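The annotation domain 'FAD-binding PCMH-type' is assigned in TrEMBL to B:163-345. TrEMBL lists B:195-201, B:277-280, B:329-335 with the feature FAD binding site. Annotated site 'Important for enzyme activity' per TrEMBL: B:ARG380, in sequence order. Sequence annotations record features per position, and here TrEMBL assigns substrate binding site to B:ARG476. What TrEMBL records for B:TYR539 is active site, proton donor/acceptor.
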Amino acid sequence: MASKAVYSQRDPMLKKRDDFEDILEERRNSSDLRYALRCYAPVVYKGLCPSKAGTLKSMVLQSDQLHYVIHQVCRETGRAVDDVQEEVSSILEEMAHRLQLSTVRFFAFTLSKVFKTLFRSICVNEEGIQRLQQAIQEHPVVLLPSHRSYMDFLLMSYLLYTYDLALPVIAAGMDFMGMKFVGEMLRMSGAFFIRRSFGGDKLYWAVFSEYVKTMLKNGFAPVEFFLEGTRSRTSKSLTPKLGLLNIVMDPFFKGEVFDVSLVPVSISYERILEESLYARELLGVPKPKESTSGLIKARKVLSEDYGSIHVYFGQPVSVRSLAEGRVNRCQFNLIPRHIPKKPSEDIHSFVNDSAYRLVRAQEENMVLKPWVLLASLLLQNQVSGQKRGIALDELTEQAVWLRDLSRQYGAFLHWPEHTPPSEVVSSSLSLHRGLVRISEGRVQLALGQTGGPAAPGEPRSAVTPEEELLSQAVIILSCASYRNQALHVFLRPALLASAIHTASSNKKQEVFNSFSFLRNMFSNEFILCPGATVQDFEEACYLLVKTGALQVTQQDVLVTERGHRTLVFLTSMLDPFLQGYQVVCRFLCEEATEALTEKQFIPAVRKFIIKHLLAGRLRYTEVLSSDLQKNSLAALLRLGAVRKIKGAEQGTLKVNTVMVNSLEDTLGGKLPTQKAVIARL
Amino acid sequence: MLYISTKYQIIRKDFPFYLGKTAHGGLWVQIKNLPGHLPKESPSHVFLQEIMKWNGWGYSDSRFLFNKKGQAEFTGKRYIIIGMIIPGLKDWFECTFGASLQHKTPATPLLNSSAVQPPTLNEAFVEELKSTGIPFSQDAEDRVFRAHGHCLHEIFALREGKFGRVPDMVVWPNCHNDVVKIVELASKHNVCLIPYGGGTSVSSALECPPEETRSIVSLDTSQMNRILWVDEKNLTAHVEAGIVGQDLERLLNESGYCTGHEPDSMEFSSLGGWVATRASGMKKNIYGNIEDLVVHIKMVTPQGVIEKSCQGPRMSTGPDIHHFIMGSEGTLGVVTEVTMKIRPMPEYQKYGSVVFPNFEQGVACLREVARQRCAPASIRLMDNEQFKFGHALKPQVSSIFTSFLDGLKKFYITKFKGFDPNRLCVATLLFEGDREKVLQHEKQVYDIAAKFGGLAAGEDNGQRGYMLTFVIAYLRDLGMDYYVIGESFETSVPWDRVLDICRNVKARIVRECKERGVQFPPLSTCRVTQTYDAGACVYFYFAFNYRGLSDPVHVYEQVEHAAREEILANGGSLSHHHGVGKLRKEWMRETVSNVGMGMLKSVKDYVDPNNIFGNRNLL
């Protein structure tokens, strides 16, 4: 226990978090109209040069950077300058926001109505709001909310309006623009639209980055975007995308602003509006194209209870402090700053590390509801083959145990303090009654006959086993998405628990090797900061030792008697992923043909998995999640076990069967870690 | 004192004419003698040491003080602001720094010789030196006086009566040959020599390296202060390197010439010092910087004397050896004689000033002036804080009429023109040449300024701006009497970076002060002081109230260090004209690259293998 002092700095129990205020309470007691029309006078950035949306556009069009790129494009393609300039104008036209207070007021009014019907409360940490207000005045601010729902960015703007803060401009995917009227409404509430992919289009990139930078540098408005790039369908944080983060940090690197404040915002939904939609999407029912009529159909969601939302505005992170000692800003001294340059190695790795840190900051301040723990327990119970479910009082006992464990791991758990646990459990279950069934005092997932809310009213006559499986999978994946909310709390200890489980001995070094292997394997799946293996290992050891589950000596890692329960829970948490990756490996070894393309991969692997599930060779239905399948392929590509053949049509996959095989065996604990490492080399 | 009075001196006590403030608020004055803003009396006939402060800036009799009524005034009889009451200074001082006249931090009044380390003498060297007849001294006061420049930490220590390593003796060579003899003897006896000119260094260049175990001899060039000849056909003058700036100008002025080299320190700094640090003068736009002004340099090194064989105006003979000498900061030898370009004195001189709505516009205007290559002799742009500072230094107005006029001007600028008094900034101008051309030039510059929203703001403001340069160092001493410490530092930077560097460095200073527990926001201000084709020179002023800090100098140094890092990160240079010394040498390698460093080292190794010139500057 001598190591305790060293670790105490990181003790998650010591994390201090702000209190929440419910903003809907006031909305329920006073006029929405008056609220929507009230005087709005936010504080602004001290260095703000007041400008209208129009001036903003001309500032972008006249920037040195765009001039340079326009002429470069002209030289390369032989096009006339006017022609290219016109293209630039139209790109900008397509992209630019038209923030209008009247639209915002309209949203303020309608959203008040909608929110009050949908949610019990919307809770915000007001200290975070105060910090944000301070930050907005001092430096350009970038808001980085987590992304779990379409709701996110309307909610963000709604909150900022409520607290009389500067309204953000928001980077939104172009797919929204397809929704004719809504797209324009969003544009007028501050959204600007970017194409989903524009990899090679340097003109587009130049317009886009200059547009964002101009807004940022002039303090025109806080810039808001989603680090994860898209909504997470699994409620796990997605590995961050770096493009926009790079753009907003660039003015700091180049000395154009003194500092930039990055504000991670964690938005947690007690019940996600898109719950079953996401599950279906992950199962291969294609995502409905965003359309206005689709949104109206979604009206039926209005009649349900979605519990509460917690929004936590995190501590603003100064890019300057982050970059201190990591980025040598002198690298921009010798080339005019407006000439676009690929980010150097040190900048790239700095941005990458920062992005992970920020996503972790989002994760840490995500509020977890008791249901999240229940979902974890029910999933584990379901897999363990208990057909009749789990007794309610047993579930309550386990939940209380898990509550205490998660708190010790630093979870931001909102468990009502003065309510008996049994009541907490039953009220959580009733909010999610579409996912669970309670009969005769026993609780289980709502699989099978009832079909779940995914397909109500559909004729249920000729159901094939496959269809049956898929409809169960909808429930399981929905449930898993709640469990996933808590994954970040248990991830590091779970990796350690699995490492202990798979390692061939109790030797600390071997456990570490195994930990390191798993961590590396799963780094596309979970948020694991690059290069922090040792830190993560130490943190995991610390937490398990602290809770008495583990004894760590100089050489050995020993599971204590009372630690057994914890370790079983933790390994079970990670097990679906371990199994899933193994199945994907097996698929690649057994079924992948020479001509398998990236595009065909998901359908093919899905078919393979369904076959195994139906044959009972695989326990985890959630392996059907295309998210897991994609991540595992990405990991294999990263490790070089699978290669994409360039030039071939649609990216043919070339499988290194020996290596994939050995990775599979290592995941299954059949091969010691060392060998896998060698195989990788 | 061991020295013998010098053999011959050009003595001239009566300074015939100088620019003064006329009754109606200062107008251009056609003058015969330049520079007008300098003291009336020539100090060169006496040792400067005797009339200068030992623990502060400038002349002993000249200082700012707050009188019994709490009004600031300036004592002595050397500067034109003498006797004037400066009513605004106290309020500005108290508001800006949160300082109070109640809280004083007076300096140790007298130099306590017993606190000075006894000299480490190299007896053999002293013996041989005696036989040459060159005057020298081991007096504590003489040694302390030459042990420092004017960095904050140096002056702060002196005020507290603390002395570090000081030179063990001082020698006063009287001519080039004396220097040759001294350097020979130093090499022979392995004595460390530190050349000393005007002592105005702000780079810790004069500090004795504490690790130096040899006897350190300060080589004071002040007695080599003659103009040896003037060549009117080629417009050159051959001058001994110890001459002080104002004497050089005054003496040349007598024959109708000038060099036009006017660094802010010209009252005290010497020609040799300018060469050794690559100095820059206020009026470089007309006359050039020191590298443009020198035609020939003679320097004594341990390997012998280095000089060129002719005075051709330009040569293609390999790398210019002058460029090994200029900026060598006393590490290679002693500059003894310099041939400099001279110019006929300008017929006419006129100050001016322009008010801009904000700093951004001001910089844009300076950039345009530089683009059109029509910069006046001097053009400087002060930021808003410095504008307010300058305003606080405005002497009491003499009549109701002037104060009425001032009020009217203020009204016009802030209300009628809509300038925000917390954003506006001012450029000061100095035009020189024949009358016609000056007026024409003036119009051109004001026309450009108008395009950037600039309003002409009178000559008075311009002139006061330049005067500020000469008194600011005295003001630091005043601040130090009341818990306020500060300093200035400079850089040069490409045009496109000027605004960014100004903003970021100022903000960095504020942030660092806050983080280091400085109780009140510091004064953090800048001005653009020189324009070039490709960039500008920027000067930062930084001062804070150190009440409540246990080690204010350390805090000061940390903040200055951070500010320099910020400058470098924003594409600024390590120095525009102050030099590197020991204060900034940690950044030399990244500034000139490894190979560059190797080049400089190899020159040092050849010229001075035994490190006789051991001040350890630069490398």
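Any Cβ shown, glycine's included, is placed from N, Cα and C.
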Legend entry - Distant-in-sequence Cβ neighbours of B:ALA279 (FAD binding site), under 8 Å, six or more positions away: B:HIS261, B:PRO263, B:SER269, B:GLY273, B:ASN289, B:ILE290, B:HIS577
Inset, instruction - Taking the Cβ of B:PRO195 (FAD binding site) as the centre, count every other Cβ atom within 10 Å, in any protein chain shown. - result: 30
Legend entry - B:GLY198 (FAD binding site) and B:ARG380 (site 'Important for enzyme activity'), distance between Cα atoms, whole Å: 25
Legend entry - DSSP-derived class (H/G/I helix, E/B strand, else coil) of B:ARG380 (site 'Important for enzyme activity'): strand
Inset, instruction - Fill in the CA-CA distance, B:PRO195 (FAD binding site) to the residue listed as 'substrate binding site', as an integer in Å. - result: 26
Legend entry - Secondary structure at B:PRO195 (FAD binding site), reduced by DSSP to three states: strand
Inset, instruction - Quick one: pull the CA-CA distance for B:GLY330 (FAD binding site) versus B:TYR539 (active site, proton donor/acceptor), whole Å only. - result: 24
Inset, instruction - Tell me the Cβ neighbour count for B:GLY198 (FAD binding site), meaning other Cβ atoms within 10 Å of its Cβ, over all protein chains shown. - result: 23
Inset, instruction - Calculate the per-residue pLDDT averaged over the domain 'FAD-binding PCMH-type' (B:163-345) and state the result as an integer. - result: 96
Legend entry - Neighbour tally for B:GLY330 (FAD binding site), based on other Cβ positions within 10 Å of its Cβ: 28
